[in-house]
Amino acid sequence: MESELKDMNSNPPSSKEERPLLKSESDLAAAIEELDKKFAPYARTDLYGTMGLGPFPVMEKIKLAVSMVTLVPVRFILAMSILLLYYLICRIFTLFSAPYRGAEEEEEEGGVVVQEDYAHMGGWRRTVIVRCGRFLSRVLLFVFGFYWIHESRRVRDSAMDSNPKTSSAEIDQKGEDEEEPERPGAIVSNHVSYLDILYHMSASFPSFVAKRSVGKLPLVGLISKCLGCVYVQREAKSPDFKGVSGTVNERVREALRNKSAPTIMLFPEGTTTNGDYLLTFKTGAFLAGTPVLPVILKYPYERFSAAWDTISGARHILFLLCQFVNHLEVIRLPVYYPSQEEKDDPKLYASNVRKLMATEGNLILSDLGLGDKRIYHATLNGLFCKS
């Protein structure tokens, strides 16, 4: 105590005020660095820093300022116009059509919810909705700065590694025809950003798993029904509640036996990462024991990472629109056909597909999950609130 008083008396007022501030900043930086090491799959490593709060170099501030008065307004108007246009297309081509009603599902509270969508609608109207959806999704990515998307396709080695029983002759035939003999029950992909959905819409226009509230949103609600989204109540804990896995399992089986049914797109990690890691897979996509199509997405960057982690949605979209060019690389693996052992053990099936994707995508395996991510975000918010 005496030494602290001596220090206070010996320093001028300005130094006295600055020293605690510098100490606080140093402690904050050390705490964040320690957190980032512990929760590495969710840590941002780009120029914009943790939670997108900087500090920003002077040149980056100038670039952001210029982009905010030039690029951002134009891109925002174009993006909203595309969204509105596609909503109108969906609205017009679903007029006088009753939505497909799936099996009723009981909620914890005792109510009943029916899965509704327009993805089972056939004929030329469905063709227009799908083709316009794929085209406009790609246009929207272009507006966001993804002018070129590099796609690569693995054929021989990946297929033989994923299933040793597949013969080289069969794989050569797949390489020549570039067609898979059996339709996959689901597409599985790593999850990095909300942009993943736009890419998959432009590539194959699959169904997604979404919260029930999404179906009630303006504009997006109708579009999600045209995609055939599977609406689930993620927070439900009742043992009698079907839940995500049960609902997904039904849709996967339906896609395999009915070619007119929409293929479902699943992110088995259950949350996003920074793009360098692959979390433990949930078994929902693998319970049916059907073949799956693995797809790996990577977002190379120089300044701003498209990964959606530790940063608010509004801030992420703003910084994304400020980047003149954004990059996306896609690795499409062959359809993975499970062995009988994998069909009997969904956890083994999920683990083997995960290992294959990590190897082919040069991703780091991590055992962390959504619960760890929530702890990381809560701790970061607490640190910044105290600073």
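Quick reminder: no glycine exception, Cβ is built from N, Cα and C everywhere.
Just so you know, TrEMBL annotations are computer predictions that nobody has curated.
Per TrEMBL, region 'Disordered' is recorded for 1-23, 159-185. Residues or ranges marked as transmembrane segment by TrEMBL: 64-89, 128-149. What TrEMBL records for 160-170 is compositional bias 'Polar residues'. Annotation comment: TrEMBL describes 185-300 as domain 'Phospholipid/glycerol acyltransferase'.
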Exercise. Which residues, given as numbers and ranges, are at least 6 beyond the ends of the transmembrane segment (128-149) yet have a Cβ under 8 Å from it?
Worked result: 75, 78-79, 82-83, 85-86, 89-90, 93-94, 118, 121, 195, 198-199, 201-205, 223, 226-227, 320-321, 323-330
Problem set entry | the domain 'Phospholipid/glycerol acyltransferase' (185-300) - residue tally per DSSP class, helix then strand then coil | 37 helix, 23 strand, 56 coil
Problem set entry | Overall pLDDT of the domain 'Phospholipid/glycerol acyltransferase' (185-300), taken as the mean | 86
